[in-house]
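Okay, so here's the structure we're looking at.
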Amino acid sequence: MVASMASALARNFLGSTPRWYKMTIVMFLIINPFIVALNPFVAGWLLVAEFIFTLSMALKCYPLLPGGLLALEAVFSGLTSAEQVKHELSANLEVLLLLMFMVAGIYFVRQLLLYVFTKLLISVRSKIALSLAFSVMAAFLSAFLDALTVVAVVISISVGFYSVYHKYVSTHPEHDINNDDSIHKQHHADLEQFRAFLRSLLMHAAVGTALGGVCTLVGEPQNLIIGEMAGWNFSEFFIRMSAVSIPVLICGLATCVLMEKLKWFGYGTVIPESVYLILKQSADHDDAHRTTQERLKLVCQAIICVWLIVGLAFHLAAVGLIGLSVIILATTFTGVSDEHAIGRAFTESLPFTALLSVFFVVVAVIIDQELFRPLIQMVLSAPQEMQLTLFYIANGVLSMVSDNVFVGTVYINEAHTALVNNVISRDHFDLLAVAINTGTNLPSVATPNGQAAFLFLLTSTLAPLVRMSYGRMMWMALPYTIVLAGVGLLSTMYLLPDMTQWFYESGWLQHKAAIPVITPASH
């Protein structure tokens, strides 16, 4: 009886996850308390490594389960406190609202998005031109919208493309998008090629959000924190960042073209002709049979999308609240009144919202155990002429494994403190702020946990459909990581000081004599 109970418990634990993975998580849970007792600092870094491991195994088991167990143990073992976790969640409330409401809001305008991107996919036959179009559109949108919103759009339209083809070649009347058993064998090769095609477009678009997001005050949450701390407005932020962001943007887009031409790192796969014909046939059929009511729905969704862009660009409300308004308007004017139909919009976002909340527990451990303090102290103790380079590198390394908002906030607070204590000049502080922002945004494309948008893509329902794993995402991001991080570093070292001086001399920027009056944000 006892043996059968133990066997049943073992089977229930983490469900259908492989046995070796279950044993690994159990081993983590057993070892961690002993490491905490010996050295909490080492235990903190071990927790970070273990959490990254759960993310890398996202296709084996959704990271919320094993990551959540590790996070609970971290709180109970004293690595952090429930109060600190609550503080982190409060500090990131806008991000949580964004995930809950904006992603769901995008769900209700997906017909328009699918219509627009289907037209783009059908009309642009060159894979290089199509990849560049996806990257440029993602970069432009993410300069004004949050990267998560942009990635949610790309995920929505990719699922639309995939489901159209998958349903067409399925032999079962009850179509299951997650099951390939119903697909004829002769279609398997085309399906795999189509998956590779979608993966490349997804990665171009995801990296595009980083290219555009670094440029503007509203591009990323940490940009807003850094800009407010420095007392910069929208135009000044763009000008100061341009010494680094523009060369990076140009080189990033060139990398997009080069990868497609050379077909390296999983890029260069073209859409199979059979898939293209099916998508075109589906689009032509939809156009021919679209009713007046359906056309009006598209018009309403277009108007709502205009409101979305205007509301976000002018910061009329928190991003999540604008997303809530999109849900209200879209459901009202497209006739979605059933509770269950509305509920389906939240199935994509809420698991990730819970996972991100678990991630903030890890961030709380990083703060309470001061895991980054040795690196921060090393950077601040370096000679001023080396600080730009070191700030960029230190931010880049840490933002690969931690929350970008947290990393950016920690470093800008330290730089602000140095300014207040007259350790550095105001002009040097402004240069450091640029290095902090670019260092936080650019190298973080290296890993999915470095960019929230990448993590969202990895843990979305689309990832298993197109076989996007943690390792594959890192591999496909590698050329972009090298180019973005490398060009960003060289621009920070050699272009930023001289270009900033030229901006002063040309009257584009004014020297700021006063210390910013913004109180450093606690995070």
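In case you wondered, yes, glycine gets a Cβ from its N, Cα and C as well.
Among the residue ranges 51-71, 114-134, the one that Swiss-Prot annotates as transmembrane segment is 51-71. Per Swiss-Prot, the listed range annotated as transmembrane segment is 445-465 (candidates: 214-234, 445-465). Ranking 28-48, 137-157, 302-322, 347-367, 476-496 by CB pairs under 8 A with the transmembrane segment (237-257) puts 476-496 at the top. Using the rule of three or more Cβ pairs under 8 Å, pairs at least 6 apart in sequence, the transmembrane segment (51-71) is not in contact with the transmembrane segment (302-322). Scored on C-beta pairs under 8 angstroms, the neighbour of the transmembrane segment (28-48) with the top count among 137-157, 302-322, 347-367, 390-410 is 347-367.
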